[in-house]
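Read the structure below first, then the notes.
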Amino acid sequence: MAAGGFVDDKEGRRAHLYEYRITGYFIFACLVAAMGGSLFGYDLGVSGGVTSMDDFLKEFFPKVYRRKHAHLKETDYCKYDNQILTLFTSSLYFAALVSTFGASHVTRNKGRRASILCGAVSFFLGAILNAFAKNIAMLIIGRCLLGVGIGFGNQAVPLYLSEMAPAKVRGAVNQLFQLTTCLGILIANFINYATDKIHPWGWRLSLGLATVPATIMFIGGLFLPETPNSLVEQGRLQEAREVLEKVRGTTKVDAEFSDLKDASDAATAIKDPFRNLLKRKNRPQLVIAALGIPAFQQLTGMNSILFYAPVIFQSLGFGSGASLYSSAITSGALVLATFISMSFVDKFGRRAFFLEAGVEMICVLVAVAVTLALKFGEGEELPKGIGIFLVVVICIFVLAYGRSWGPLGWLVPSELFPLETRSAGQSIVVSVNMIFTALIAQCFLAALCHLKYGIFLLFAGLIFIMSCFIFFLLPETKQVPIEEIYLLWQNHWFWERYCTREENEHELDGKSLPPI
């Protein structure tokens, strides 16, 4: 089956010559690699639940426990406002943003598979340390090890999936990372719901079970093939061709293999990929993929809801068990949304999902803010009907995020970088993502305490800004081969001034580049 029809080889494009079929070998490789998302997802789901468990709070944060159970007017929004408690969550993300630069070196020089294995080992060790923690220092150190694991995994897995996938299904395949992330969140919420009833060590079981996805990822990773792109980059050309033939299910891979070699030739000429990212011709990738999208993904407010969904629902008047159950419902909505995105993103495109979902999320956040402004903050539990309404609209928000900024926040950056800056670019993507994830985690409960319902209006305003960013600056990338993405910039109304044909023609030995 041909993987798309574009232009003639002599004009610089060979995509219409690509052939592929979906093979069992390809499916196995992508499913195993995508398990990296389950590490991220399990932690997102489990950390918020654990920090709302009474046994955990009594052992490590007794002041928060007493404040939680005090019937004071201000505790509606402020009962969990404690910087050490939020450091328990955010320390992981600070560690992840530092480790991703080491992961970049490993990913480029040793391969994507090596980074996946390193991430699994570190995450396993962190889970063990957290499960047996005796003091806050052990908790924080364990969280940092988990962060290193996530830094390596999030750096390598989106690249692995995008490089292994044929162009026509790249969107759906890359979103396996988001799917396993969402499944990790969902499973973690059900585990928290069960372990909350195990006293006094249920929280230890929740944290310790993080070893399960890490073990699966490590064992599966031992059998993973390296991506053809990475093998070519390392000079292992014969092995690269053999892997490419196996994952494409055909020996007719001359055109695609030639493109990989051309991209590798350009990559080997780059001694400092981080510095190369700052060049004028790479300005679109720097602004959109490395900085804009990963930062905006966190500024939707979604991860704040995932981190602290149990806490939010308790603050909104739900009981401890009901809050965890409500969080599981929202996590289920996230999984459903990911399936929707996987099914249609390669048909309708990335921009359509970003923009349509942005409108929905703005409407929902305004509705939540208005509801809380009118019905919340008086030291009393919310009426049941209002509580149900909030859960429903939050599920709508999750469905919108889960088919747009959630999966596309990882998919689009992994598509945009050329091979010579791909590992460095992905490191910046992960580090920027983790910086904003950590800041949101550290500041959200304090902001909720001081801004009250205004925090949701703030996120609504930010989503409006990021939707404008997508509308004006991001070209459509659906079904464009990953090594030909650079051609999109040359005919974009804004980016064409940075990506002149002359610069690329010089780098491609004078080949003429056709219009898009």
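Sequential numbering from 1, following the chain as shown.
Glycine too: its Cβ is placed from the backbone N, Cα and C atoms.
Because TrEMBL annotations are produced automatically, they should be read as predictions rather than curated entries.
TrEMBL annotations:
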type	residues	note
DOMAIN	29-478	domain 'Major facilitator superfamily (MFS) profile'
TRANSMEM	22-42	transmembrane segment
TRANSMEM	84-102	transmembrane segment
TRANSMEM	114-133	transmembrane segment
TRANSMEM	139-161	transmembrane segment
TRANSMEM	173-195	transmembrane segment
TRANSMEM	201-224	transmembrane segment
TRANSMEM	286-312	transmembrane segment
TRANSMEM	324-345	transmembrane segment
TRANSMEM	352-374	transmembrane segment
TRANSMEM	386-406	transmembrane segment
TRANSMEM	427-447	transmembrane segment
TRANSMEM	453-474	transmembrane segment
The domain 'Major facilitator superfamily (MFS) profile' (29-478) [mean pLDDT, rounded to integer]: 86
Same-chain residues near the transmembrane segment (114-133), Cβ under 8 Å, at least 6 residues beyond its ends: 33, 36, 39, 99, 103, 106-107, 139, 141-153, 155-157, 160, 204-205, 207-211, 213-215, 217-218, 221-222, 224
Distal contacts, the transmembrane segment (22-42) - CB-CB under 8 A, six or more residues away: 112, 116, 119-120, 123, 146, 149-150, 153-154, 156-157, 160-161, 164-165, 169, 173, 176-188, 209-210, 213-214, 216-217, 220-221, 223-225, 246-249
Top Cβ-contact partner of the transmembrane segment (324-345) among 139-161, 173-195, 201-224, 352-374 (pairs under 8 Å): 173-195
